Amino acid sequence: MEYKNTLLMPKTEFPMRGNLPKREPAMQEKWAEMNIYEKVQEHTKGRPLFVLHDGPPYANGDIHMGHALNKVLKDFIVRYKSMTGFCAPYVPGWDTHGLPIEQALTNKGVKRKEMTVAEFRKLCAEYAYEQVERQREQFKRLGVRADWDNPYITLEPAYEAQQIKVFGDMAKKGYIYKGQKPVYWSPTSESALAEAEIEYQDKKSASIYVAFPVKDGKNVLEGDEKYIIWTTTPWTLPANLGISVHPELEYAIVKVNDEKYIIASELFETVAKTLEWENAEVVKTVKGSELEYTVAKHPFYDRDSLVMLGDHVTTDAGTGCVHTAPGHGEDDFIVGKKYGLEVLCPVDDKGVLTEEAPGFEGLFYDKANKPITEKLEEVGALLKLTFITHSYPHDWRTKKPIIFRATAQWFASIEAFRKELLEAVAETKWVPAWGETRLHNMVRDRGDWCISRQRAWGVPIPVFYAENGDPIITDETINHVADLFREHGSNVWFEREAKDLLPEGFTHQGSPNGEFRKETDIMDVWFDSGSSHQAVLEERDDLQRPADLYLEGSDQYRGWFNSSLSTAVAVTGKAPYKGVLSHGFVLDGEGRKMSKSIGNIVVPKKIMDQLGGDILRLWVSSVDYQSDVRISDDILKQVAEVYRKIRNTFRFLLGNLDDFKPSENTVAVAELREVDRYMLVKLNDLITKVKEAYETYDFAAVYHAIHNFCTIDLSSFYLDFAKDILYIEGANHEDRRAIQTVLYDVLVALTKLVTPILPHTADEVWPYIPGVTEESVQLTDMPEAVQLDGAEALKTKWDAFMTLRDDVLKALEVARNEKVIGKSLNASITLYPTAEMKAMLESINEDLKQLFIVSEYKLGGMMEEAPADAPKYEHTAVVVAQATGETCERCWVVSETIGKDAEHETLCERCATVVKENYVK
């Protein structure tokens, strides 16, 4: 007889190798055929809603690792919620207006100057839709379950119509106004920028100290002094109309040779050192407030420079006398307004100086620095010129420096509802908790929001102007424009004349001749995506406002979290979200930012093509995503190893359940052995721990708990000793069916627990599980932890056994290394435990030699009675020797019963019995 044919070895068609790059697309096709998204929505219909609102990625180019991290995190949450009593719809979105799309078309050779704005915008829309399609397929390849056929796209007519309504509501409440103000201006984009569209990079700038002679000392100064200002933007000096001093600071009149200079007293030493003054002495001090309304002369123009008081003046750097150009700085503008100065801005849209800067007209602002500095030197006003490298705002899209420039713009008045904004921040749940402080400070400190852009591709600002210049924004005009956009899209604004965009028969007292013109600026793209709570959450039947969660990268505190909050509070008085969760950025393996120049960019597509989507998803679950995270080939290799371990665990479980029918073979819990019940207690602990981790969005805890359970509880213990029963005993042996009962519970629970993270693998495992009826594991609920009778006592006892078992394993390892034994089944062990452990061992009814995977087990005396040379551990001394007898051909146990049965000379007594009872006819 071939005894190997009498072993019940694992049998399953579940493949050992994942081959995910090939298998996942097939699984995704299956999901598409069965309409998995709709099926899940149908299955969870009527449950409480959980809405995670998708912040729209920008529709341009392939998805990057930041996109992958973001979408996968969202998918974890949505999948988990739909398996725990919620209906969790997930509607993906795209942000589709803005400069990058205009630039992409220009780079493709589109000559926008040769076509109308409406024609150019049509090309922008086509390009945006192509990009949406491209990204949609890549997101689907990640295994993200979403309503991919019905996303929201910010350029769609229905969306734009709602955005117009949001603008109209804000205008009606008096929150929208037009004003001349310095705004961030990008000469390369030829447009105003919002704070969220700037980034700081190092820039080399001229650093100059300039003397402004006193013209009128107002009896405080003698008239022969000079104010010293410091600036790193010489090009703004043609726009200088004043000097600001702090009312509370003390100012010194410093005599240096034959000159007298005015600077803040506490900066005397610093300035003296910088300007290399020798023999400088302070001849007089005055308070800043006394210098108000004194007048200085502009260094190279025949005009006055008024001395004003400003709280923005600091002594961190410079001289305490601040060059003030109301057309080129927010503080300058505020102070200038208070003192009635004009807003002079001699720089055009392209960053070129105009005729209002005589002598420098036609020069690009940055190129004007040198001639202006030379002019200062020529007139004797330049006291010092050096160059410094400092952090300076840049256009986040063109990566070029920006300027402050006063222009006529449309603004949303944050000041008008700042208090409500701060209250809304306080009522929101923030994860991490520091998010609250971050957004609170941003809202507290931000100025009014410049919402107009001088570009073509975006949603038009729905404002008309009467003949007398009055802006027109009424309920009637807003509703009419919204209806037009809903029907024709926003391009209608650029295709029709103003009068054809107004309601029929519309009149206005400012237009006696019935003539009107329309605004040509468009809205900031942050106003687009920031209106999604109205256009998506409020409008779609399957969603609701406020959303339960917004989840984006930490750059969105100043972006989408902020703009959404502003429009929602302005319109509804409430935040659009109950909770906000943020994640960090993806860096390379060395913690460096990914960039083309370094060549360290990791692309999601490459990972999916080489390793598979589930490996990428498992990586997402393994990192502390609330901070910046790292990815590299080595890191992915480690993750792939963990995946292999999880997959092998599934395969082992399936293989050993091949002949198990849950309806017939399940053993009641009360009839299970203690060790089997202990495994169920461990499983229940796992279920509790994993669900708690999912609830708190701690996916790394899910990853570690599942990995440890597969490795430590199953592989190293339960599955290891269980082989001796599963393979060796007869099919229906009670111990074998007991273990299979536990393995079945473990398999079903484990498959469900990994589903949010490894959906492809979980759905691959599912149909192989005996007795399951659901079409997909996604149509099931998370397992419930069951409280077993006496669980605590059982856990205490068997945890103690496990610590003792660790001691035994160490002793066996030593014996192996010393060549006392080959493998552990060659061993005979005698234990000399502590009193406590002895009592515990004596209370175990299971076959201890099976649990220790040895051929002989004896309980000796107490620890102190152990032979002197026996290795002693914390809980026991262990004597390891060769087991006596011969090795059984079938079970590999060393036994003195080999050959007792003459018909089966090479088998031990146990195996001979099993063979006779089950295989001999």
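The backbone N, Cα and C atoms fix where each Cβ goes, and this holds for glycine too.
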Per Swiss-Prot, the range holding motif ''KMSKS' region', considering 18-22, 93-97, 358-362, 593-597: 593-597
Annotated motif ''HIGH' region' segment (source Swiss-Prot; candidates 57-67, 574-584, 772-782): 57-67
C911 (Zn(2+) binding site) to E552 (L-isoleucyl-5'-AMP binding site) - Cα separation in whole Å: 61
DSSP-derived structure type at E552 (L-isoleucyl-5'-AMP binding site), helix or strand or else coil: strand
Residues close to Zn(2+) site centre defined by C888, C891, C908, C911, Cβ within 8 Å: I728, E889, R890, W892, V893, S895, I898, L907, E909, R910, A912
Rounded mean pLDDT for the residues that make up the motif ''KMSKS' region' (593-597): 77
Cα distance (Å, whole number) from E552 (L-isoleucyl-5'-AMP binding site) to C891 (Zn(2+) binding site): 56
Residue among binding-site residues E552, C888, C908 with Cα closest to the Cα of K596 (ATP binding site): E552
Fewest other C-beta atoms within 10 angstroms, as judged across E552, K596, C888, C908, C911, which are the binding-site residues: K596
E552 (L-isoleucyl-5'-AMP binding site) and C908 (Zn(2+) binding site), distance between Cα atoms, whole Å: 64
